[in-house]
Each structure stands twice: as structure tokens, then as C-alpha cells.
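Colleague: Pulled the feature table from TrEMBL, pasting it below:
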type     : residues                     : note
ACT_SITE : H72                          : active site, proton acceptor
BINDING  : D73, V76, G78, D80, S82, E94 : Ca(2+) 1 binding site
BINDING  : H199                         : heme b binding site
BINDING  : T200, D251, D259             : Ca(2+) 2 binding site
DISULFID : C41-C121                     : disulfide bond
DISULFID : C74-C79                      : disulfide bond
DISULFID : C127-C328                    : disulfide bond
DISULFID : C206-C238                    : disulfide bond
DOMAIN   : 31-332                       : domain 'Plant heme peroxidase family profile'
SIGNAL   : 1-23                         : signal peptide
SITE     : R68                          : site 'Transition state stabilizer'
Amino acid sequence: MAAASINFLVLLIALALSPLSLAFSHGAHPFLYPQFYDYSCPKAHQIVRSIVTKAVAKEARMAASLLRLHFHDCFVKGCDASVLLDSSAGVVSEKGSVPNRNSIRGFEVIDEIKSALEKECPRTVSCADILTLAARDSTVLVGGPFWEVPLGRRDSLGASIQGSNRNIPAPNNTHQTIVTKFKLQGLDLVDLVALSGSHTIGFSRCTSFRQRLYNQTGNGLPDFSLDAGYAAHLRAGCPRSGGDQNLFPTDFASPARFDNYYFKNLLARKGLLSSDEILVTGSPETRRLVELYAADAGAFFVQFAKSMVKMGNITPLTGNKGEIRYNCRKINHQ
């Protein structure tokens, strides 16, 4: 009888701690767990999913835009919604940085989600958590994997345009520079390759890859690693000058579907960005991972979900740090 009672007590303790065990998985933060809003805002997940679903149905590209917003947030000051802040007294917005200017989008969707959540449960759900949930829901809507999102982040009290310019990997960065930028965020080579797979959806501007088409190394020749036929196709819409904002899919084979064709394209020398193709040419380790994910979509999906949880838990604000913004575009006391 005593043994049975002890076993039952152990079971109760295990169940009580299960949110924390989830939070520790995949390199997550110990104060974040998926059930964070179960009592304070039980409809939070439903509200986010509903609005994201509507936005992606209206414009398929929005899925990639919301995923990218989360990425650009987490690489600067951690996942704290600093990317959403507009410029104001004491705040220089990250929206004006080189990686973000005329590029990141989806802010109106986040605004709509925040407005709905404030009506349902005021001053409860952070903008940082909205970004994280919207990224996951966007991925699922276009055919990608589902994962449990650890929640409980709070919002920053400032932004860092310097950090945005410095920390976000650029399309023309060298392989080692990109590896270093990921490493500084606690992300390894496996995370780098898996998260780069998000380029299976979305578009990139001509200005982000023009150098590959005309003057990759300063000798007036295109990038040797780029398929000649694909390069000719790109040059037709991306001239030597002008057309900076012309858009091209980062995965020409299935641009609106989250799948592993991105990796197959890389092996066929048809990666759009230099930062994509160097996953094949930059090191044997990253090439092996590209080959693995090109051959096995399931392996890619599993690792992408793990790496998204890991990235989503880069130095979050928790407890009494930061705040829960009422408006994602400005800090509360302004």
C-alpha cells in the first residue's frame, strides 16, 4: 500500500512538472512552456491561428513574411518583439536597418492579432509570444511541421538598430560569417541548415542576389556555383541596374509550399541567394545536411521544428523583466 502511494505521488509530481520538462526540450528556456496562457487567456492560440489563417489565405506570401519577422526579432536582443517597435522618443526602430528596410512585412497582421487578444484578455499575451505563435502557425498552414511553442516571453523596452545591422545574416555574408552569427545566438550548424530551409517559402529582392548574376568576385563574371540556365532566367528580371525591388521565389520549384525542394534546388546549383548555395559549397558538414534533408523531408521537418523552438528561446525576457505591451508598435509609457 505504501509503495503504491509513493508511486502515485511520483506520478502527480511528474504531471505537475511536465510543462517544465517540455520547456527544457530542444534547448528551450526553463521559464517558458506551452501551457502558459491556458488559464489567463485560454483562447489565445485560437485567436492567433484564426487571424494568421485569414492573412495567409488572402496572400500566401504572408506565411514566409511572418516566419521571417520572428527570425529577425530573435537575432537582435533575443525574442522580445523589439523588431515591432516604431521609432519614437528614445527608440530608433529596427525596421530601418539594412536587413529590414523595405523588406520585412506583416506588421498589420500582428497588430490585428494583438487587438483581438487585448479585447479577449487585456494586458496578458505578449507581442513576442504572438510572433512566435504566428511563425509556427504560418509554417503549418503551408504544409510544414507542427511543434509545441513554449510561451511566457515578455516584450522589450527598446530596440537596437545596431544589433539588427550587425547580427542578422546577410545574403552575401561568407560561410564563416554566417556560422559565427548563428553560433553567437547559441545555434549550431544543424540549426543553420535546418532554419535556412525556411527559404522553401517566400521571395527575395533582386538587390539581394544581383551580385551573383554579374560580378560575384569582382571580375565581372557570375557566381560559378550558380546553374547557368537558372542564372539566365534570373537576369531576365534582375538587370545590372534598376529593378531592385523585383521579387523572385527563394524556392522556384514550390514557392508557396513548405517542403524540402529548397535543398534539392541547392544540390542542383539553383539556390537563389549566395547564403543559400554556400550551404553546399561552404563546408562538408553543411553539405551533408543539405543532402540529408533533400533526400528525407521527414528528417528536415523534425529538425526544423527542434531548431525553431531553440531559436524561439534565445534570451527571452521573463518574470518581471520587460513588459506586456498594449500596442506592439510602442512601449507602454509613451
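Along the chain as shown, the residues are counted starting at 1.
Glycine residues also receive a Cβ, built from the backbone N, Cα and C atoms like all the rest.
Since the structure is predicted, the reported quantities are computational estimates derived from the model, not experimental observations.
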Colleague: Which has the fewest other CB atoms in a 10 Å radius around its CB: D73, D80, E94, D259, the listed binding-site residues?
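Modeller: Among the binding-site residues D73, D80, E94, D259, the lowest count of other Cβ atoms within 10 Å belongs to D259.
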Colleague: About how far apart, in whole Å, are the alpha carbons (Cα) of E94 (Ca(2+) 1 binding site) and H72 (active site, proton acceptor)?
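Modeller: It is 9 Å, counting Cα to Cα.
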Colleague: Using only C-alpha positions, which one of R68, C127, H199, D259 is spatially nearest C238 (disulfide bond)? These are the recorded positions in the record.
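Modeller: In terms of Cα distance, C238 (disulfide bond) lies closest to H199.
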Colleague: Between the Cα atoms of S82 (Ca(2+) 1 binding site) and C74 (disulfide bond), find the distance and write it as a whole number of Å.
Modeller: 9
Colleague: Ranking the recorded positions V76, C79, C121, C127, C328 by other Cβ atoms within 10 Å, which is at the bottom?
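Modeller: Taking V76, C79, C121, C127, C328 as the recorded positions, the minimal 10 Å Cβ count falls on C121.
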Colleague: List, in sequence order, those recorded positions among H72, V76, C79, C121, C127, H199 whose Cα sits within 10 Å of the Cα of D251 (Ca(2+) 2 binding site).
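Modeller: So the list reads H199.
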Colleague: Determine which residues of the same chain, besides T200, D251, D259, have their CB within 8 A of the center of the CB atoms at the recorded Ca(2+) 2 site, and list them by sequence.
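Modeller: In sequence order, the nearby non-listed residues are G197, H199, I201, A253, S254, P255, R257, F258, N260, Y261, Y262.
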Colleague: Take the Cβ of H199 (heme b binding site) and count every other Cβ within 10 Å, whichever protein chain it belongs to.
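Modeller: H199 (heme b binding site): 25 neighbouring Cβ atoms within 10 Å.
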Colleague: Let me check the 10 A CB neighbour count of H72 (active site, proton acceptor). How many other CB atoms are there?
Modeller: 22
Colleague: Taking the recorded Ca(2+) 1 site as D73, V76, G78, D80, S82, E94, identify the other residues of that chain whose CB atom sits within 8 Å of the mean position of the site's CB atoms, giving them in sequence order.
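Modeller: Result: H72, C74, F75, K77, C79, A81, V83, S156, A159, S160, G163, S164.
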Colleague: Rank the binding-site residues S82, T200 by how many other Cβ atoms lie within 10 Å of each Cβ and give me the one with the fewest.
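Modeller: Each of the binding-site residues S82, T200 was scored by Cβ atoms within 10 Å; lowest is S82.
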Colleague: Below 8 Å Cβ to Cβ and six or more residues apart, same chain only. Which residues does that give for G78 (Ca(2+) 1 binding site)?
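Modeller: Listed in sequence order, they are I314, T315, P316, L317.
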Colleague: Comparing the disulfide-bonded residues C41, C238, which residue's C-beta has the most other C-beta atoms within 10 angstroms in this structure?
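Modeller: Selected residue: C238.
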Colleague: Relative to the Cα of C79 (disulfide bond), which of the recorded positions H72, D73, C127, C328 has the closest Cα?
Modeller: D73
